[in-house]
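What follows is a set of notes on a single structure, which appears directly below.
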Ligand code: CP
């Protein structure tokens, strides 16, 4: 199974070909079914994953470590201040040294450029565990979860409400890469930036994906099969909280909005959620919500990615 993906690293979803994405989804399904049968193949026997975190995490931190253990490997949690990453040692030197010890690196970093530099000098695969621009493993999990719930991805409309977060950016890239129907709805000031839209446009020209950006909530919710939202502000944006609350208030996902979506619509959120802000309790805890299945699938998707990148 070693190096079955065409790319050494997964820094953005643009690094993956459509065949890679299909392989990840098919392998995820196999490993998830195997897990529920009580079968955990030792595909990562004696393999090690270095996990660098510059920011806090629940899902990424725990699911990657559990993924390694379930497949027979081991993960090292490397906290800020615990290793010399750009402090006392260049990022390139850290990458060179870690490459001599571990089989892969997963990193959650403040700046995407730091991740790119880490990957440039690493001999082993580097997986993005979230940066200021992208969260590709989350988007892969989300779209895998959509396929699990609906089957044919080309037959669903996905509508994202709120801010162009790293998750929204990654969903835009992945959905356009797969030729899907995706609407981003939020105040124009917070729309996705050129860096992301360049990737999206490149993908649209290849796949004919139906990608829309709009401020019109009625247009976005009409016929939506998947309603998705994310935090209105993240670490480092706290000083903008009041301004952002005002800007995004109309775009809150509440039961009134969900009732305007397709009758079989589901609600998704990458979590953590700020209840009462971007989503109300009755939606996240209600019948529309598949957020816990989505969170669980992080584990199975990560096992697939790790097995395909470094598995035996
Ligand atoms: N969705 C996600 O990445 O969650 P964590 O921040 O808890 O890792």
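Cβ coordinates are placed from backbone N, Cα and C, and glycine is handled just like the others.
For reference, TrEMBL has these:
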- 8-148: domain 'Aspartate/ornithine carbamoyltransferase carbamoyl-P binding' (DOMAIN)
- 57, 58, 59, 60, 108, 135, 136, 137, 138, 270, 271, 298: carbamoyl phosphate binding site (BINDING)
- 154-309: domain 'Aspartate/ornithine carbamoyltransferase Asp/Orn-binding' (DOMAIN)
- 166, 230: L-ornithine binding site (BINDING)
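DSSP gives residue 136 (carbamoyl phosphate binding site) a helix state.
The two recorded residues residue 59 (carbamoyl phosphate binding site) and residue 230 (L-ornithine binding site) have their Cα atoms spaced 15 Å from each other.
Less than 8 angstroms from the CB of residue 138 (carbamoyl phosphate binding site) sit 130, 167, 170, 270, 298, each of them six or more residues away in the same chain. Among the binding-site residues listed (57, 108, 136, 138, 166, 271), 57, 138, 271 have a CB atom closer than 6 Å to some atom of ligand 1, in sequence order. The binding-site residues 57, 166 differ in how many other CB atoms lie within 10 Å of their CB, and the one with the most is 166. Neighbour count (other Cβ atoms within 10 Å of the Cβ, all protein chains): 16 for residue 271 (carbamoyl phosphate binding site).
A mean pLDDT of 96 is what the model gives for the domain 'Aspartate/ornithine carbamoyltransferase carbamoyl-P binding' (8-148). Recorded residues residue 271 (carbamoyl phosphate binding site) and residue 230 (L-ornithine binding site) have their alpha carbons 7 Å apart, per Cα-Cα distance. Rounded to a whole value, the Cα-Cα separation of residue 230 (L-ornithine binding site) and residue 136 (carbamoyl phosphate binding site) is 15 Å.
Rounded to a whole value, the Cα-Cα separation of residue 166 (L-ornithine binding site) and residue 136 (carbamoyl phosphate binding site) is 8 Å. Contacts of residue 136 (carbamoyl phosphate binding site) defined by a Cβ separation under 8 A and a same-chain sequence distance of 6+ are given as 10, 11, 12, 13, 15, 16, 128, 170, 173, 174, in order along the sequence. A coil conformation is recorded for residue 230 (L-ornithine binding site) in the three-state DSSP classification, outside any helix or strand.
Neighbours of residue 59 (carbamoyl phosphate binding site), defined as other CB atoms within 10 A of its CB across all chains, total 21.
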